Amino acid sequence: MAENDVDNELLDYEEDEVETAAGGDGSEAPAKKDVKGSYVSIHSSGFRDFLLKPELLRAIVDCGFEHPSEVQHECIPQAILGMDVLCQAKSGMGKTAVFVLATLQQLEPVTGQVSVLVMCHTRELAFQISKEYERFSKYMPNVKVAVFFGGLSIKKDEEVLKKNCPHIVVGTPGRILALARNKSLNLKHIKHFILDECDKMLEQLDMRRDVQEIFRMTPHEKQVMMFSATLSKEIRPVCRKFMQDPMEIFVDDETKLTLHGLQQYYVKLKDNEKNRKLFDLLDVLEFNQVVIFVKSVQRCIALAQLLVEQNFPAIAIHRGMPQEERLSRYQQFKDFQRRILVATNLFGRGMDIERVNIAFNYDMPEDSDTYLHRVARAGRFGTKGLAITFVSDENDAKILNDVQDRFEVNISELPDEIDISSYIEQTR
């Protein structure tokens, strides 16, 4: 497959666009030490109870983890035994750490052999997952990790596989398939096959075909794990076809949106009143970092520019910019160089920035799933957060009602004053 074809396919995958960009990620990164609050867990047991390698426990301590989240408590003991796992849990509960820790625990690195394959539907998420592997394998110097996705030269990927073959490969299906077809990537030694945000990949037929073709290139005997924040009853049988008697964990079913500590409000206004209201709110609200979601690339660029003109430290991320630029901006925001991010849905799914405590739906998301993934950017890791949605027409109101009905949550009108302690961790 030509490189351009791969890139175009990936663009099709990544943005189910509605005149816009869409689709952003799905991985849950662990909280770092300087973050206020840690995973809220009903389990008092620590990670030591999982009998993990000492090197992994040291890295976990460095990341500031204390107790496993509910999904980690449920999944890790079985996952490290090599069982197939199908897991749905709400955003911000540490699903990524489940498969990262489980695969690193079982990994016995063999020079020149790829043992672990992790696939996800966007480049940004692939990049983030590879960083999680690097973070947790900090004290495992023999473990090599590589990430492959479209938008960057396939020749460089081929070089890496030839000269410095990784044990763990993370990537998007289009690029992984291209590398496997041209024999650069050998999948005959895969022992662990993981799909993150699996519903996004398996619902789209072209992407599902790629995943199936890649799956057939791997050995019959292997561990398969799939994770997502949203897993409809229709897609679950599709997932099971890849697995042998999987352990199924649905930590919270899709009927409830109980994002711990997240305050949700809406504001009714006309489209031309949005900027003034946004500026007013940014002036009065206390925030660490903010993500503002818009529906198109044009609106993303214009709003970010307007914010900068009003002296707000804003940066934009959208699918219209080159891949290197997107990753560079993502890193700038993650490193706290900018405090306000304007983004299309590309950023909406699972991208983890621990300091974000406010998410704005400047434009209403197109459905309730997208709403869940967007607002989950605030209040991750059991910390507090605030989600504010602008409602400017009947269609917006209908989607907001759908969200409330589906997730059995009451989203009320934004009051004149909000108690700061309800959406930001107070320093002691």
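Even glycines carry a Cβ here, placed using N, Cα and C.
Among the features that Swiss-Prot reports, compositional bias 'Acidic residues' is placed at 1-19.
According to Swiss-Prot, the phosphoserine annotation covers S38 (among others), on the basis of similarity to another entry.
As annotated by Swiss-Prot, phosphoserine applies to S41 (among others).
Feature annotation from Swiss-Prot assigns motif 'Q motif' to 45-73. Per-residue confidence over the motif 'Q motif' (45-73) averages 83 (mean pLDDT, predicted model).
Per Swiss-Prot, the feature domain 'Helicase ATP-binding' maps to 76-249.
The number of other CB atoms found within 10 A of the CB of K90 (ATP binding site), across every protein chain shown, is 23. As annotated by Swiss-Prot, ATP binding site applies to A89, K90, S91, G92, M93, G94, K95, T96, with the evidence given as sequence analysis.
Look at Swiss-Prot and you will find T172 tagged as phosphothreonine, backed by similarity to another entry.
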Neighbour tally for K95 (ATP binding site), based on other Cβ positions within 10 Å of its Cβ: 29
Separation of alpha carbons, T172 (phosphothreonine) and K90 (ATP binding site) (Å): 22
The motif 'Q motif' (45-73), counted residue by residue under DSSP: helix, strand, coil: 17 helix, 0 strand, 12 coil
Other C-beta atoms that fall within 10 angstroms of the C-beta of G94 (ATP binding site): 29
